[in-house]
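Once you've had a glance at the structure underneath, I'll fire off some questions.
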Amino acid sequence: MSVLLVGVSHRTAPVPVLERVAVTDTDRPKLTDKLLASSHISEAMIVSTCNRVEIYAVVDAFHGALAEVGELLADHSGLDLTDLHRHAYVRYSEAAAEHLFAVASGLDSMVIGEQQILGQIRTAYASSDAQQAAGRTLHELAQQALRVGKRVHSETGIDSAGASVVSVALDRAAGIVGDGGLTGRTAVVVGAGSMGGLSVAHLTRAGIGRIVVVNRTKERAEHLADTARANGVEAEALELSELPAAMAQADVLVTCTGAVGAVVTLADTHRALAQPGRDAERPLVICDLGLPRDVEPAVSGLPGVTVLDMESLQRDPAAGAAASDADAARTIVAAELANYLAGQRLAEVTPTVTALRQRAADVVEAELMRLDSRLPGLDDPERDEVARTVRRVVDKLLHAPTVRVKQLASAPGGDSYAAALRELFELSPGSVEAVAKPTDLGGATDLSAIDITDGFIAGQDPRLRRFVTDDNHGKESQA
């Protein structure tokens, strides 16, 4: 069994495509069930954020599983396979693990080094675990990715600026609203989830004068407003139906609801700007961080209104990180990947070693029974001493080769040593499977038609070509 990753992100697709493939919290369990019902998939985890959707699946056949995941994404998004392949990327086996470690470290984020991705991976893993969709392979992969991400953030300065999508958006907004930035101004936060909480925290640090939290359920909005009040900021909680009235008071609006359909409409915005008492010259900056987008496109055409969406924020210089910090993070990812892969290879050879020792124990017991039949008068103390001696001899003979094969198997390409051990000692597949957990078994995948270059996969199968680049340098297709 190996891990297959199929993803679409801000690096390979424009916002309209990301909106189509976006997976909501409601969608995730349904799609996970569909993945598990597929012929070639035994484990599944879906990572979905405001700028990426990635499906991690443990598969027994690369081509078949790739076709199944691709068809599921096409059906979910409404995109045909031709359109989807232009924006999708594929990683397999070691390359899939490397990619997840980089994502968890913030190296693949729109804002390099942001920490929110760790929580999003944790959410994806918890959701998969709750559906019993994560077996040994995904448990170990996800847990190791979270550990790698934490280590990168604690040992490098990649997040020293505390940057996030929210901070970049609000920093841009501060420069638009006028002198003094956000200090003393009024902000509306739509949505009381993690992005809403992050927005309130950043607005508070920026010296905002007043925060209005708007949410479908007022109780959750009130909880977030209480957080703002606890930090000395005047705050109010409103239901979503009261959004136009709240907008009439706002200098800045931040929205990220994950809703299907516009939350901030042209009609509501026009009505808010026309409210008595609002200065016609007063700018309104709307930060649309939702995927799908929360703001109707026509809103950006209104006089005095600036809409900052994910596409415009992606071009912001503040989204970068210092080269030295990014290099240090990549070094950690590479080291952790090597350790993880060594552990995985060792786990693959362990059942073979166990089967060999079991085979030796069976031979010893058979020979002792033969001894009993030939020397029935042997008393118990003598028989016990003979048994101990034979077992010691066998253990000493097996110790060096089994320790050495574990060492060799943990190195890249080491799977051949386990195969050699099975061949030399005539260990049948059944005898190895008998001492292995079902999730420990390594599946045989025919990779003869697959060329893995720089972590990317290219091949001759037409289903494969729908989703991968034919660029031999391993660059994702942007066509």
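The chain as shown is numbered from 1 upward.
Every residue, even glycine, has its Cβ placed from backbone N, Cα and C.
So Swiss-Prot lists the following for this protein:
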type     : residues                                                           : note
ACT_SITE : Cys50                                                              : active site, nucleophile
BINDING  : Thr49, Cys50, Asn51, Arg52, Ser109, Glu114, Gln115, Gln116, Gln120 : substrate binding site
BINDING  : Gly191, Ala192, Gly193, Ser194, Met195, Gly196                     : NADP(+) binding site
SITE     : His99                                                              : site 'Important for activity'
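Provide an account of the burial state, proximal residues and distances for the features listed.
Annotation for Cys50 (active site, nucleophile): same-chain Cβ neighbours under 8 Å, separated by at least 6 residues, are Val165, Met195, Cys256, Leu289, Gly290, Leu291, Met310.
Listed in sequence order, the residues of the same chain lying 6 or more apart from Asn51 (substrate binding site) and placing their CB within less than 8 Å of its CB are Ser9, His10, Leu18, Ser109, Met110, Val165, Leu291, Met310, Gln314.
The Cβ of Gly191 (NADP(+) binding site) has 27 other Cβ atoms within 10 Å, all protein chains considered.
When secondary structure is read from DSSP and collapsed to three states, His99 (site 'Important for activity') falls in the helix class.
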When the Cα of Gln120 (substrate binding site) is compared with the Cα of each of the recorded positions His99, Gly191, Ala192, Gly193, Ser194, which one is closest?
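Out of the listed candidates, the nearest Cα belongs to Ser194.
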Residues with Cβ closer than 8 Å to the Cβ of Ser194 (NADP(+) binding site), same chain and 6+ apart in sequence?
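Spatial neighbours, sequence-distant, of Ser194 (NADP(+) binding site): Gln116, Gly119.
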Far apart in sequence but close in space: which same-chain residues, 6 or more away, have a Cβ under 8 Å from Thr49 (substrate binding site)?
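Within the chain, Thr49 (substrate binding site) has Cβ neighbours under 8 Å at Gln116, Ile117, Gln120, Leu291.
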Within a 10 Å radius around the Cβ, which one of these binding-site residues has the most neighbouring Cβ atoms: Ser109, Gln115, Gln120?
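For the binding-site residues Ser109, Gln115, Gln120, the Cβ with the most other Cβ atoms within 10 Å is Ser109.
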In the same chain, outside Gly191, Ala192, Gly193, Ser194, Met195, Gly196, whose C-beta lies within 8 angstroms of the Cβ mean position for the NADP(+) site?
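Here the nearby residues are Val189, Gly197, Leu198, Ser199, Leu224, Cys256, Thr257.
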To the nearest whole angstrom, state the Cα distance for the pair His99 (site 'Important for activity') and Ala192 (NADP(+) binding site).
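The separation of the Cα atoms works out to 30 Å.
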